[in-house]
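Questions regarding the structure given below will be posed in turn.
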Amino acid sequence: MNLFTSTLILSLSMLTIPVLMSLSSIYKSTQYPYYVKTIISYAFFTSLIPTLIFINSGHEAILSNWHWMTIQTVKLSLNFKLDYFSMIFTPVALFVTWSIMEFSMWYMHSDPNMNRFFKYLLMFLITMMILVTANNLFQLFIGWEGVGIMSFLLIGWWYGRADANTAALQAILYNRIGDIGFILAMAWFLFNSNSWELQQIFMLDTNQNLLPLLGLLLAATGKSAQFGLHPWLPSAMEGPTPVSALLHSSTMVVAGIFLLIRFYPLIETNKTMQTLILCMGAITTLFTAICALTQNDIKKIIAFSTSSQLGLMMVTIGINQPHLAFLHICTHAFFKAMLFMCSGSIIHNLNDEQDIRKMGGLYNALPFTTTSLIVGSLALTGTPFLTGFYSKDLIIETANTSYTNAWALLMTLIATSLTAVYSTRILYYSVLGQPRHSTLILINENNPLLINSIKRLLIGSIFAGFIISLNITPMTIPQMTMPTHLKLTALIITLTGFILALEISLMTQNLKLSYPHNYHKFSNMLGYFPIIMHRLIPSTTLMMSQKFSSMLLDLTWMENILPKSISNFQASSSIMVSNQKGLIKLYFLSFLITLIITMLLFNFHA
């Protein structure tokens with residue numbers, strides 16, 4: 001082991017200290033959250049050492065010292081892959097989590113189980129680190145399932161609320177569907193490559209098989225909330241705001257995209273798979289951007305913006321630019337975590353009010369929070385020289401100059417414009433105008449835990465994109481030459497979105513109330529997806545099951561075959577018996593006459 005590998009293992013090992021602390025008496029003290037926050041900050045500074053060594057030397061490493069188990073001919077070891085993706089992502093995730101932990105100390109200060117909440121957040125981070133650094137599919141699957149179960153526990157943190165329990169169940173069930181794809185892909189690789197090591201899979205799988213990649217796409221669709229398996233993401237807003245910030249910035253939702261980036265050596269030679277990923281991403285980014293336009297819950301708007309950005313990352317992988325998608329993951333983490341923390345500050349100060357229509361004029365009451373919210377929204381829209389610009393602008397330029405599906409490109413450009421629209425809508429309703437909240441609310445943001453945590457991410461939202469993009473290793477992007485109008489496409493589309501949003505907001509401010517249009521209903525009801533998936537299908541299934549059990553099983557077996565058949569037989573027998581009037585001589589005589597006539601006829605014939 002050299003300095004490069006040992007310092008990274010040290011920084012990851014430091015994260016387990018607070019988990020071990022939970023076995024001691026420190027876990028019950030009020031200082032436990034402070035210890036967790038401090039240790040994560042130390043882990044971040046330690047992780048900078050191997051990252052800087054890697055940027056300087058460019059040497060990747062694989063740690064494979066610990067043999068785990070052998071199943072027939074498959075040898076499983078604890079493998080850590082220290083490449084470009086894991087080395088850049090680790091300090092980003094640690095930095096963002098450090099800020100979120102400090103924010104949580106302010107946001108969750110009155111929660112009786114705050115120490116357990118911090119332990120859960122930390123385990124969420126640890127499982128994501130396992131996923132990022134894994135070099136075999138089994139280890140990656142442990143991290144994959146780990147982020148899934150921790151998201152379930154954290155989304156359903158306020159388990160006394162029915163909505164929180166439903167949201168947690170939604171998250172775990174939709175991810176279960178994705179996990180089926182992951183397990184099928186693992187089984188396929190085991191049967192065909194006889195290995196779960198990533199290098200061996202890439203070397204042996206030269207047939208360009210679509211089946212395992214479809215499994216991985218299903219897994220990524222579930223985890224990264226792509227169209228079809230997306231409803232759990234807005235529902236996850238029922239969890240506490242720090243959970244939303246961590247979930248959407250650097251942990252669970254980017255795990256699906258990260259999985260596809262890990263397997264890009266297989267995807268880059270498979271054009272069918274690239275087209276599928278491109279179309280899935282384009283549909284997701286447009287649909288969720290449309291859904292964000294008419295939401296009134298500030299957290300749900302930001303959640304849909306996450307889903308839209310994840311769709312943009314899928315589009316980037318679809319045009320065969322995994323390094324660009326990874327760059328967008330890293331830059332997106334800073335301003336998305338900050339946007340959630342700003343919304344958490346507003347919600348907390350307005351006595352848990354999340355409706356943007358009941359805010360307004362917050363620039364005077366919460367100057368620092370609203371300034372950060374404005375910077376975060378501008379970074380999200382790709383404003384030049386903020387963090388989002390360095391990845392988003394490159395993605396749009398690369399898509400414009402690629403041989404790609406024109407419809408997918410058009411949908412992506414429209415979604416980029418809509419990003420500016422819903423970002424402007426948040427700012428217009430919450431920051432500008434007259435206050436529409438209660439005048440008796442005591443608003444105070446002068447808490448160092450709140451200010452310092454947002455301040456760090458604010459600096460990251462301004463400078464991180466520049467720093468990370470300076471240290472990108474050579475990748476597959478060609479030297480792009482394009483006309484000026486193509487170069488300015490991303491900026492023009494964003495400006496169009498801003499102008500459109502402001503014009504619509506100003507035009508509709510003094511209009512009389514009218515009945516919502518069908519397009520508004522479609523967007524507001526999330527494309528009727530939850531109603532169809534969560535109401536229509538379960539109620540139809542329940543009704544059919546009820547009919548099947550009561551009409552078929554109960555009536556047929558319980559009534560017609562056993563009890564009812566006996567009673568019917570007895571009833572018909574009694575009717576037959578009771579119909580006899582007792583005229584036995586007449587019956588015998590008629591029988592005898594019939595017999596004699598029959599015999600005479602036979603004899604006559606003979």
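Note: Cβ is positioned from N, Cα and C throughout, glycine not excepted.
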Write down the single range among 366-386, 513-533 that appears in Swiss-Prot as transmembrane segment.
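Among 366-386, 513-533, the range Swiss-Prot annotates as transmembrane segment is 366-386.
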So if I exclude everything within five residues of the ends of the transmembrane segment (140-160), which remaining residues of that chain have a CB under 8 angstroms from its CBs? That is, six or more out.
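Answer is 117, 120-121, 123-124, 126-132, 134, 167-169, 171-172, 175, 179, 182-183, 186, 219, 223, 236, 238-240, 243, 247, 251-252, 255, 259, 262.
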Taking contact to mean 3 or more CB pairs closer than 8 A (sequence separation of 6 or more), are the transmembrane segment (211-233) and the transmembrane segment (301-320) in contact?
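Stretch pair touches.
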Relative to the transmembrane segment (241-261), which of 35-55, 117-137, 171-191, 273-293, 366-386 accounts for the most Cβ pairs at distances under 8 Å?
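Stretch with the highest Cβ contact count: 117-137.
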By a Cβ-Cβ criterion of under 8 Å, what residues six or more beyond either terminus of the transmembrane segment (35-55) are in contact with it?
3-5, 7-8, 10-12, 14-15, 17-18, 21, 26, 82, 84, 87-88, 90-91, 94-95, 97-98, 101-102, 105, 118-119, 121-122, 125, 471
